[in-house]
Structures are given as structure tokens and as C-alpha cells.
Amino acid sequence: MDTMMLNVRNLFEQLVRRVEILSEGNEVQFIQLAKDFEDFRKKWQRTDHELGKYKDLLMKAETERSALDVKLKHARNQVDVEIKRRQRAEADCEKLERQIQLIREMLMCDTSGSIQLSEEQKSALAFLNRGQPSSSNAGNKRLSTIDESGSILSDISFDKTDESLDWDSSLVKTFKLKKREKRRSTSRQFVDGPPGPVKKTRSIGSAVDQGNESIVAKTTVTVPNDGGPIEAVSTIETVPYWTRSRRKTGTLQPWNSDSTLNSRQLEPRTETDSVGTPQSNGGMRLHDFVSKTVIKPESCVPCGKRIKFGKLSLKCRDCRVVSHPECRDRCPLPCIPTLIGTPVKIGEGMLADFVSQTSPMIPSIVVHCVNEIEQRGLTETGLYRISGCDRTVKELKEKFLRVKTVPLLSKVDDIHAICSLLKDFLRNLKEPLLTFRLNRAFMEAAEITDEDNSIAAMYQAVGELPQANRDTLAFLMIHLQRVAQSPHTKMDVANLAKVFGPTIVAHAVPNPDPVTMLQDIKRQPKVVERLLSLPLEYWSQFMMVEQENIDPLHVIENSNAFSTPQTPDIKVSLLGPVTTPEHQLLKTPSSSSLSQRVRSTLTKNTPRFGSKSKSATNLGRQGNFFASPMLK
């Protein structure tokens, strides 16, 4: 019984303590909360008063600005009037000075010393007096013409419409249309003559031809001194507009468009009517698009235009690329998932730090640069040889590696800056693309005199690369093969090898000595040339990926699945050279083993990119690899 009473008392004491704890401090806290609300109310009231005061000040400033604009207009008109008055006054002053000079000469030449004027002097003075009004009128007439030209060409003039021009044969000048005036009505494109005769001289052509020409009319007027007839000769010629190089290349046409093919005269490929991405996507990792309604305006990556509020847009779940529904087929491929973080120092990490864990393992900056270069750079002379602006390259690199969204490379005017960005990224990696460990293997494979053994050794070295390096190298080689096949760039395999040799091959150690650097500089281009000589089918296999865990309703596939440029056939099989007993006597002992290794790496049972799926998917069938349902 005592134990029960003791337990009940303990429970009662605990309840009392808890009630005291709960009752303590509540009033103080509520009072403090009320005081805080009162402080915020007062601040809100003060802010409201200040807002009203600033609105009044803004209205006063707008009124003052309007008044000052009116005053400025009147001041400009007054300045024009004063300029004309000054010109007339200067002309009158010059005339009076000439008359005074004539009178001075007349008086100084008089040697008689007589105070009275002779008859000749009186007649001369009378002539000057009579000729003054006529000369003044003539001078005013000439000056009025000069004033008209001056008012039209004056930079300080307020009225600059120039919409009405009076045709005057006395105005002789050669005038070329400015860029601003080309966009106005056609009636203003004729300056030195009526528009009627000029229109007859123009040949009837397409709208494109008319839009690329301007009319320049030259009129020469000859006025004889003896009062003979006045002769006028007019010539009319068409001059093409000056265009920037970016407008020639920035048409945003894909690589496999018909118009681009006709101009480049490349090897034949599959023709399609739909617009595709700059490279094929057969077997590539495709975008996993989801539709959303735009709340905050965003920019479409393929076309660069803004997607306005309330419009429907598509966004990839992996790489966060945003596009219009009609631009989905032009999004860059392959789809590279966006990284959560970047290395501490921009651009100075390992290549694996810039790629995701899904295949193909290619840095996003490489994919976007290559796609933009192939869209509008394959007609640019000296691609990758001409350097871009260092400041632009640095800013783009910051945006790619620091900002979560993808910067719009289509808004970069200089395509060489994008090329420099790609080279700068690959050059500033802590380890080159071909790695320090395999540097010597690649150089030794490139220097093998026998072509079959050299290619087999190159296959072996590529197969030993880390997956990120191998995938990036394959993507880059496919791109450089396209650049080499374009005749407009004037960058063949040898030139590209000289440019990319130090960038992707580099050296076997981080800080080589000068002697090693000189030796490697001669060997690096050979490695790139040998890599570019490998067939396109070999590099394309690394771009193929099994589409796992992707909703088929979201898959958007390009119809141009097999439209990449064809690489010329080489003289060696992918599985190594065909040998005979006599031929094997001339080979090195390692050639057969290298060929056997290449043969084993190219079998169809080899897993691609370390796929996590348990069942192998047949990627060797013909046609498209994935279904292409339309997005609803």
C-alpha cells in the first residue's frame, strides 16, 4: 500500500512540475511576439509612406524630363537656324572683304596722287555698286544649295527623317546606301535620280537576289565655261550587300541537310526530309523529354529563341535541355546528364570529374561545342586553326562549369571562340585525353611501319583507355572526320593532327623536360593521324547505348539515324590483317596476338559501357534502334 501511494505521489509531482514548466514563459513569449508584430507593422507603414513619396518624385522627374526633351528639341532647331545664319554671314563677310581688297588695290595702284577720282575709278566703283545685289543674290542662291546639303548631312540636326527628297540636277553626288536605310521602303533606295528609269534597268530575279543587292547611281554633270550646252552622264550599277562571315555560317542548318550537302560535295548519304541533329543518333543515348508549362521565360537551346510565359516546352530529365516542341529533333545528341558538382578548380580536374556515370561518358561541354561547330562552322575557313577571343572563352567556360543551365552557344558570334573553348577544356585537364599511362603505347603504335600492325596496336591502346576517355575520344574523332571531309574548312587530316596533337596526346609525364617536349611534338601528330584513319564504324560503336529505364512515351528519336558522313574504306579489316604462312614470317611476333585481342574486343558479346542490364540487347539489327512515338 505504501508503495502504491509513493508511486501516485511521484506521478503527481511530475505532473505538477510539467504544468509549471508549461505555464512558465508563455506570457512573456506572446508579449514579445506581439511587440514584433507591432514593429513589423510600423516598418511596413514607413515603407508604404516612402513608396508613395518616391512615386511622387518619379512623377516629378518624368515631368521634368518631358519638359527638357521639348527644350532640347527647340534648342536643336535653334542651333540649325544659327548655323545657317552664320554660314550666310561668313559668305557676306568674304564678299565684303573681296570688295575692300579691290578698292585697296585700285587706290594703291593710283600713282597720280590726286584727291579726285578719275573716270575709270568712278566707273569701277559704280560697277561694284551695281554688281553687289546681283552677286549677293547669286551668292545667296549658291549658299542656299550648300545649306541644304549641310542640313541633310549635319549630325546635330534634329529632324533626320529624310523621307522626301527634291530632285535637283544641280546636286551632284555619289551616295551609297547605309545598312539602316536598306530596311526602309524601296522608294528611298534611289538617291541621284527618279526611281522610274532605275527600276527598268534591274533584272527580274528571285526575292533572294533582290534582297542581296543595292542600287548605286552616279551622275556626272559637265558645265562648260564658255556657256555651251550642259552634258550629264548617269551610270547605275548593283552592288551586293556586305555580309558578315557569321551570317554565312550561322544558318542553323544541320549537317545532313540537302542544301549543305550540295555545297560541300561530300560522299552520298541517306536523304531525309525531316530536320535532324548535327550527327546521327542511331544507338545513341536519347533525350528523356517531359512537357511542362513555362512559368519563368527560358531560352530554347536549338533555336536560341525565348519560350514565353504560359507556353508549352520540353525539358530533358537528364541533361536539362529545354526546347520548343517543334525543335525537339534538333537537340544535341548524345544526351549527357547534368553533373551535381564540378571540380574545385574550373577545367583542371580529371576527365572523369566532368562526366556522369551513365553511358556514353562524355563531358557536356564537349557535346555542346561539337554540335554548335557542326551546325554553323563547317563552312568556316581555318576551323580550329584560328584562335578566338580569350575573354569570350573564359566566360563560356565559367558558364558551362559553374552555372546549372546550358549556355546558348548559338548567340556567340565568333565560331572560333567555341573551337578555342573545346581545345582549352581538353588542354587544361590534369591528365590528357590519352592518359599518361598509355601515352607511350599510342606513340609506339603510330610509329609502327607496318600499317596492319600499327592499326592493331592502336585498337589495343584505345581498348585500354578508361571509359570516359574512350567515349570522349570516339565522339571527338567522329567530329574531326567530318571537319576533315568538309572542303570549305581547308583543314585536312594533317592540319587537324598538328592542332590536336599537343591537346589530346600531350606527354607521358605532367612536367616534361625540354628535350622530351621537342621529341614528343614530332610524334604527337602521327598519333592523331592514325586515330583519324580508323573507320567511322569503329568509333560509332562507342556511341551506342542501351536505352534502359526510359519511358518510351518520352523518347524522341531523330529519323536521320544513319546519316553520318562515310569514311573512305581502309585497306585493313577491323579484325586485323589476313595473314598467310609466308606472310607471317615477315611479321613481328606480336602481330598475331594484337590482332587476336582486337578480334576478341570487337565480338558482339562484348558488353558496352558496362551496362547494368542482365539480358543482352541485340544492337546489330538494321534500321532504327528505338521506336519513335510522338510526344502528346
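Backbone N, Cα and C atoms are what each Cβ position is placed from, and that goes for glycine too.
Owing to the predicted nature of the structure, the values given are computational and were not obtained by experimental measurement.
Residue with Swiss-Prot feature phosphoserine, selected from S118, S591, S600: S600. Per Swiss-Prot, the residue from the list T47, T186, T201, T601 bearing the note phosphothreonine is T601. Checking the ranges 136-185, 286-335, 536-585 against Swiss-Prot, the zinc finger annotation falls on 286-335. Residue counts for the zinc finger (286-335) under DSSP, split into helix (H, G, I), strand (E, B) and coil, are 6 helix, 17 strand, 27 coil. Mean model confidence of the coiled coil (53-110) amounts to 91 (pLDDT, 0 to 100 scale). Same-chain residues at least 6 positions away in sequence with a Cβ under 8 Å from that of S387 (phosphoserine) are, in sequence order, H416, S420.
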